[in-house]
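Student: When I checked Swiss-Prot for this same protein, it listed these features:
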- 10-30: transmembrane segment (TRANSMEM)
- 50-70: transmembrane segment (TRANSMEM)
- 82-102: transmembrane segment (TRANSMEM)
- 115-135: transmembrane segment (TRANSMEM)
- 155-175: transmembrane segment (TRANSMEM)
- 187-207: transmembrane segment (TRANSMEM)
- 235-255: transmembrane segment (TRANSMEM)
- 275-295: transmembrane segment (TRANSMEM)
- 311-331: transmembrane segment (TRANSMEM)
Amino acid sequence: MIELFYEYMFPLTVIALKVVAITIPLILCVAYLTYAERRVIGLMQLRRGPNVVGPFGLLQPIADAVKLLFKEPIIPTNADKILFILAPIITFVLSLIGWAVIPFAKGVVLADINVGVLYILAISSLSVYGIIIAGWASNSKYAFLGAIRSSAQMISYEVSIGLVIVTVLLTTGTLNLSRIIEAQKTLPWWIDLMLLPMSIVFFISVLAETNRLPFDLPEAESELVAGYNVEYSSMGFALFFLGEYANMILVSAMTTTFFLGGYLPPFNLPFLDCIPGFFWFVLKVMLLLFCFLWIRATLPRYRYDQLMRLGWKVFLPLTLFGVVLVSSVLFYTDNLPSV
């Protein structure tokens, strides 16, 4: 019996504890990211933001969660009820399981697999299905049009994201995210400089991938009322909401891992090694999240034709050229990584 416990139950218990240790703090971060967004945008617009519920409004996310929890879930009469309920669950779960391969610090990762990049790309591709199912199951023209827009937008920019990641893989020679971070310790400065335009394209593309301003066309209120989640209320709406903000944090962590050295100190300065890597990882993610909020507060929304033109006629040729340029430079300077 004891052997059975140590062989089967103990590993499963450890995995469950790791999942809980990541999921609960992540949900809290998502909740308070909404608070930070409202406060930051409020300050940028010369107003206070939420400041009534609790000291400095710190209990506002909890109040919002309680309100949504006790609201009546309304399902449209002609909706496909099973798919209608399933869609927000799919979206929220996919936004969480992507964190399994993200290294928070050296050796601190839930699943240190050798195909971590492929895992991330697969999860980001699957998230389209939750949105399509929501638009279809709602039996609403507004929701369906918002879902079609969102899926077309996400698929379009996934191409650019994938090609940018290829340039990173060319310089590091591995699909393991922990090894990608460690490889950035020894990269020459000119390779980092060569990847700088690619990192900018990547960040703009993940803005479109997460449906954030200036690319929040699926939620264009003047055209689609509220997008693919127009028929959702109560916890269904809350799960979509949490999924969107969890994806914001996830893509910020991906950008940190691929281009900012992950948990490594800035510029790989040796005297900063005494500070835990987790601190640097969180700091870099927070700076990128601030950029998300800053962009939302300052930029107007693109038209849909401008959005698609940017993805297919600007970013796709640019990233293809980037892949050819990076591979050629690495080949002729004999800096291709040995696999």
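Just so it is clear, glycine is given a Cβ too, placed from its N, Cα and C backbone atoms.
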Student: Do any residues of this chain, six or more beyond the ends of the transmembrane segment (235-255), have a C-beta under 8 angstroms from a C-beta of it, and if so which?
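Tutor: Distant contacts of the transmembrane segment (235-255): 26-27, 29-31, 33-34, 65, 68-69, 71, 73, 84-85, 87-89, 91-92, 94-96, 98-99, 102, 120, 127, 130, 134, 199, 202-203, 206, 209-212, 229, 281, 285, 288-289, 292.
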Student: In the same chain, which residue numbers or ranges, 6 or more beyond the ends of the transmembrane segment (82-102), come under 8 angstroms Cβ to Cβ?
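Tutor: Same-chain residues near the transmembrane segment (82-102) but 6 or more away: 22-23, 26, 75-76, 109-113, 116, 119-120, 123-124, 126-127, 129-131, 133-134, 136-138, 177, 229, 231-232, 235-237, 239-240, 242-244, 246-247, 250, 253-254, 257.
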Student: Quick check: do the transmembrane segment (311-331) and the transmembrane segment (155-175) share at least 3 Cβ pairs under 8 Å, counting only pairs 6+ apart in sequence?
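Tutor: Per Cβ check, the transmembrane segment (311-331) touches the transmembrane segment (155-175).
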Student: With a Cβ cut-off under 8 Å, give me the same-chain residues at least six positions beyond the ends of the transmembrane segment (10-30) that come close to it.
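Tutor: The answer is 96, 99-100, 110, 242, 245-246, 249.
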